[in-house]
Amino acid sequence: MQKNSLTGWLLASPLSLVLLVFLVAPIAMIVVVSFWGATEWSIYPAFQFDNYAFLLTSEVTYRVFVNTFKYAAITWACTLLIGFTVAYYLAFHIRSLTWQIALFLLCTIPFLTSNIIRMISWIPFLGRNGIANSTLMSMGVIDEPVEWLLFSDFSVILAFVHLYTLFMVVPIFNTMMRIDKSLIEAAADAGATGWQTLWHVVVPLTKPGIMIGTIFVVALVMGDFITVRFMSGSQSANVGRMIQNDIGLLQYPSASATAVILLITVLLLIGTMLRFVDIRKEL
Amino acid sequence: MEPRPRSFYALTAFFILFLVFLYGPTLTIGILSLQGPGGGLTFPMRGVSLHWFRDLFEQQAVGDIWGSFSRSLTLGLMVMVTTVVVSVMGGLAFRKRFVGATLLFYLIITSLVIPSILVSLGVGLIWSQSGLPVHWSTSGFGAQLTWTLPFGLLIMFAVFNRFDRSYEEAARDLGASPWQVIRHVVLPIIAPSLIGVALFGFTLSYDEFARTLLTSGSYNTLPLEIFGMTTNVTTPVLFALGTLTTVFSLIIILVFLLVVWLLNRRRARQGSNAGQGMV
């Protein structure tokens with residue numbers, strides 16, 4: 001046992017080292033700097049609560065946080081609905097394993113390409129003279145181009161759903177593939193309709209996968225700044241954008257204070273979710 | 001086989017729509033990148049040409065895209081190798097009990113869910129306050145590892161959850177040393193999954209933006225360069241570049257899939273039973 005523990009430590013040491021230097025130390029640094037002061041061009045060590053006082057008394061902070069939660073909630077609902085349906089189709093309606101793997105890969109490939117390119121690729125669709133507008137106009141649905149397609153909350157959420165639905169599909173599909181098919185048959189034999197089987201058998205058994213997908217999507221949307229900036233044309237804000245703005249103005253202490261509050265929020269959210277699922281067991 | 005229920009056709013339609021949603025925009029910029037010289041960022045096409053691709057190779061006004069490409073490539077390979085090695089070691093470590101394992105596990109989860117800009121900001125601050133120059137191969141490299149390692153480890157956990165330990169025991173009973181067990185039993189069994197880890201390591205690094213933003217210094221990686229272009233380039237040259245990097249990513253994915261396929265085939269031909277080591 002003693003020797004076992006030592007080998008374990010040796011094997012885990014590179015991992016621990018990386019996380020210590022590039023995760024724990026940076027978080028500690030952010031916490032420290034969040035108490036520092038700043039002039040217009042430099043920052044200086046101090047121990048003051050000014051940054052937090054300013055942040056917590058500013059009405060803007062609350063508005064931006066509410067907006068961030070709004071993005072997370074809507075994106076979560078959309079990705080869950082789409083992701084569940086896609087995973088359900090792959091797991092229960094595709095009958096050969098080869099096809100399941102092939103279609104699953106087809107869903108996964110975009111995840112391995114650049115997010116920024118995938119955002120850019122919405123421009124020809126949503127722009128003022130884009131495909132969506134010209135199609136709607138030629139169909140006679142609208143008379144002049146709709147302005148809110150690009151650079152609006154709509155396009156931000158569309159991009160989030162486009163980028164992150166995969167994070168729902170993968171864990172839900174993984175959990176569904178482990179459901180014993182005889183349970184579905186048993187439900188049908190006992191007289192359950194398709195919907196009843198779905199709601200009372202499949203959904204409860206899929207909960208761990210849904211939870212893991214939720215953790216991914218919520219974490220990614222809460223921490224995002226680039227999608228909001230790009231897809232809203234800098235017209236909407238979330239917490240990440242607020243941090244990025246402060247960084248741009250070299251106001252590192254104030255950026256750090258916002259970052260600390262964001263980190264606490266995200267960790268509380270995710271920590272709560274982790275109580276409902278044992279990630280290591282579900283993999 | 002029983003007949004397909006009606007829901008099958010509805011769901012098939014939904015799935016096809018989903019694929020259109022996933023791939024449609026990317027295909028559109030692929031088409032638009034072939035715009036004629038007078039064309040713009042949206043339809044209609046004004047002729048078909050390779051004009052904008054030629055621009056990428058000639059004009060230096062688009063910035064240092066080839067320099068940033070080679071940096072991204074190098075960094076991707078560095079991150080890939082490190083991710084594979086560290087994840088395998090980490091995965092093996094978590095099969096044993098060691099003090100602090102739970103803490104380390106929660107750190108991995110934190111690394112996964114922490115907003116990327118915090119890593120960028122924190123690493124940037126440490127480097128600047130200690131007077132070190134930020135560079136993509138040092139601070140940028142480390143910052144990216146905090147994103148690729150959790151994925152690598154999650155894959156390793158999934159692999160070892162399905163790992164049949166009796167193969168190792170058999171090897172030990174036959175007198176194999178711990179290293180021989182790893183080298184000749186464990187590694188061959190998990191090899192295909194390692195290619196998956198490598199693929200994740202490379203592509204996640206190659207496409208990473210937020211964690212490199214404040215940690216890469218004055219030499220941009222490709223995603224940073226592309227993002228810079230979005231603010232000042234309004235010609236289809238942007239789409240040409242987007243198409244080119246996407247095609248590059250697709251080729252990388254295909255190569256990795258091919259390697260897995262060849263590996264499995266070689267196994268089957270040589271009568272190796274390593275593929276059965278997973279339950």
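Including glycine, each Cβ sits where the backbone N, Cα and C put it.
Since the structure is predicted, the reported quantities are computational estimates derived from the model, not experimental observations.
For B:69-256, the entry in TrEMBL reads domain 'ABC transmembrane type-1'.
Listed by sequence, the residues of this chain that lie at least six past the ends of the transmembrane segment (B:7-34) yet keep a Cβ under 8 A from its Cβ atoms are 41-43, 45, 48-50, 52-53, 236, 239-240, 242-243, 246. Feature annotation from TrEMBL assigns transmembrane segment to B:7-34 (among others).
Residues annotated as transmembrane segment in TrEMBL: B:73-94 (among others).
Under the heading transmembrane segment, TrEMBL lists B:103-127 (among others).
Positions annotated as transmembrane segment by TrEMBL: B:139-160 (among others). For the transmembrane segment (B:139-160), same-chain residues at least 6 beyond its ends with a Cβ under 8 Å from one of its own Cβ atoms are 75, 78-79, 82-84, 86-88, 90-91, 94-95, 108-109, 111-112, 114, 116, 119-120, 123-124, 127, 132, 190, 193, 196-197, 200-201, 204-205, 208, 211-212, 215-217, 221, 278.
Within the chain, the transmembrane segment (B:181-204) has long-range Cβ neighbours (under 8 A, six or more residues past its boundaries) at 76-77, 79-84, 87-88, 92, 144, 147-148, 151-152, 155-156, 158-159, 163, 167-168, 171-172, 249, 252-253, 256, 259-260, 263-264, 272, 274-275, 277-278. As annotated by TrEMBL, transmembrane segment applies to B:181-204 (among others).
Annotated transmembrane segment per TrEMBL: B:237-263 (among others), in sequence order.
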